[in-house]
Each structure stands twice: as structure tokens, then as C-alpha cells.
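One structure is given below, encoded as C-alpha cells.
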Amino acid sequence: MDLDRPNIEEYLTTDSIHKPQEKLLLRDLLDISPALTEAAGAIIDDSFTRCFKSNPPEPWNWNVYLFPLWCFGVVVRYGILYPVRVLILTIGWIIFLSSFTAVHFLLKGNDKWRRQMERYLVELICSFFVASWTGVVKYHGPRPSMRPKQVFVANHTSMIDFIVLEQMTAFAVIMQKHPGWVGLLQSTILESVGCIWFNRTEAKDREIVARKLRDHVQGADNNPLLIFPEGTCVNNHYTVMFKKGAFELGCTVCPIAIKYNKIFVDAFWNSRQQSFTMHLLRLMTSWAVVCDVWYLEPQNLKPGETTIEFAERVRDIISVRAGLRKVPWDGYLKYSRPSPKLTELKQQIFAESVLRRLEEK
């Protein structure tokens, strides 16, 4: 076939453009096109898409013996467990809101006691949330303590990661600003534990958040800082690239590995397919949420190590402990198209390979 010169002339040298055209066979184009090989590999094994897919469980109620048991389980989960869990969560909210309101207004003159009580109440409501899923959470390692110049980082599967960790320790978390009732809780109750919110679509938020992070880690009385450096929810089979912001603070990084057992329910939250309310409903109508949390050995930047290498080393530690597979993807690609620079780089590589083949001819 004829070479389509207008599509690649921007990437070729001037001399090569003025050379007489030659016939380029299809087999030659395929032989010299690693881009096609890469594309075929992406179609066969798309590890990026797999990071954000929820794999449905294999059906087991397929015969006359098992189907009645499955029907009985549905009746128990929706007719007995779900109403009881709603009652538990309702009681928890009544206790929390009445106590939090009283503490917030009656202890205004004593900030130290007010912060301690609000911290305890936030841990309490998170415990009620975990109870509403019949959560079975096993914590490994020493409990986090309040110390200056330290930050905790964890892999991210769902917004319930924060709840699971918060019921043990009142963290100040860095989180995307959400709409609806979740956003209302963020801007009111969770502000009391020093949480910091951002909007990933606002570039100016990055500078503001970075400044708040540096100020927070310096305070000895501030709650431990928790960051999910992946920046998005991943399906608990993989870990995507860690953002380097948490590793540029010049403080000790404490890794936390979270692994969910999918025997009863998949805890992965796909925010593009369901709201957080529906996600909680799915958890509350399951048998239980089973989870392991490991508080791992603190890490510090080594001499001669860059912040990107530091982030990858911490990701290695978390991935190994939780049994997760590392993939070289930026989780933000889930929300946006690849940058023009990446597209131009692929075009440049393709054009250069075509040029080399033509020169060999």
C-alpha cells in the first residue's frame, strides 16, 4: 500500500520526506510496527481496565438442591439482618448526633477536651457503621499514635477504607470532596478531626492541599494524617501508581495494607456504576464484610533516593503484604484522557520505526 505521507511527515526528517516514494507492503508495516503489537497486547490483557472492574462471583445456586438454600439466605439477609443493621445504624446516629452537638457547643471554651471528645465520637460512629455490615476486621501490628512528622499511607478499595481505619484511630484524612450527604458530613463532622478536602478538577487545590499537609504534619496535637496515594478506588487485586505528594513532606511514612476477603461480598466501590449510598446498601445486605489491616514498619527516605523511588518502595511493601499485583498505571487516567504528550510520544515512536524500515529498503 502507499505510504500516507501527510499523516507522519511532522515526525520525519526533511530529507526523508523528499525521497521518492516506495511501495510498502502490508507485511512490512506489520513487521516494523511495535505499536500494533502493544495494542494487541492491550486488547488481550488490559491490566488498566482490570484494576477498576468488579468481578461477579460464580453462581452456585444452579440446581434444585442449592436453590432453596440460596432463597433462604436471601430471606435471612434482607428480612432479618438488614432491618437489624438499619436499627443499629439508626441508634448509632442518634447517640452520635446528640453527643456531638452537646460537646461541640458546651465545650467551646475548652478546645483540648472538645477535640478529644469529638475524636472519640467519630471513632464511635465509625464502629456503628462497621457493625451495620457485621464487619469482621482483624488489625495486625501496633496501633497508630499521635506523633509529629509522620504520615500514614494505604491502598484504596472503597470509601469504607476510611471507616475501617477510623474506628481504630481518629485519622485526619485527605479525600476528594463528594456531593450529597457524604459532602455534608465532610464539611461538618469530619472537619472536627482535621480532614482536608480537595477537588481533583481544580488545579489550584493542589497547592492549597500541599500547604495544609505540611502544616498538619508539624503539629504534635494533630490527629495522624492518612493519605490514599493511589488517588482512586482500585479493586483490591492491584495497586496503581502512588502520587508522590505524601512522600515529599520530609517526614516518616507509615504504610498500611488493607485486604478484603470476598467470600461474602466484594468491598470494591466502583463510583462510576453506583452511588456510595447503594454501595453501603449492598454491604448491609451481605452476610459480612471480612477484612485484614496491617500496620507496617515506618519508612524514611534513603540517601540518594528520589521521592518517586520512595513512593514505589512503599508501594512494594504494601503490595507484598496484601497480596496485590503492581501495575504501572496512573489511577487518574480513570477520570481523564491520556495527555497529549503521551499521544505524541507514541506517534513519534511509530513514525521513527517506519522511517527506519524505509531506510533499510
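Glycine is treated like the rest: Cβ placed from N, Cα and C.
What you are looking at is a predicted structure, and each value in this text was computed from that prediction instead of being measured.
For reference, TrEMBL has these:
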- 150-261: domain 'Phospholipid/glycerol acyltransferase' (DOMAIN)
- 62-80: transmembrane segment (TRANSMEM)
- 86-107: transmembrane segment (TRANSMEM)
- 119-139: transmembrane segment (TRANSMEM)
- line: Long-range CB partners for the transmembrane segment (119-139) (under 8 A, at least six residues beyond its ends), listed in sequence order, are 81, 85-86, 88-89, 91-93, 95-96, 99-100, 103, 160, 163-164, 166-170, 189-190, 192-193, 223, 283-284, 286-293, 295
Task: Report, as numbers and ranges, which residues of the same chain sit near the transmembrane segment (62-80): CB under 8 Å and 6 or more residues beyond its ends.
output: 285-287
Query: Which whole-number mean pLDDT does the model give the domain 'Phospholipid/glycerol acyltransferase' (150-261)?
result: 83
- prompt: What counts of helix, strand and coil residues does DSSP assign across the domain 'Phospholipid/glycerol acyltransferase' (150-261)?
  reply: 38 helix, 28 strand, 46 coil
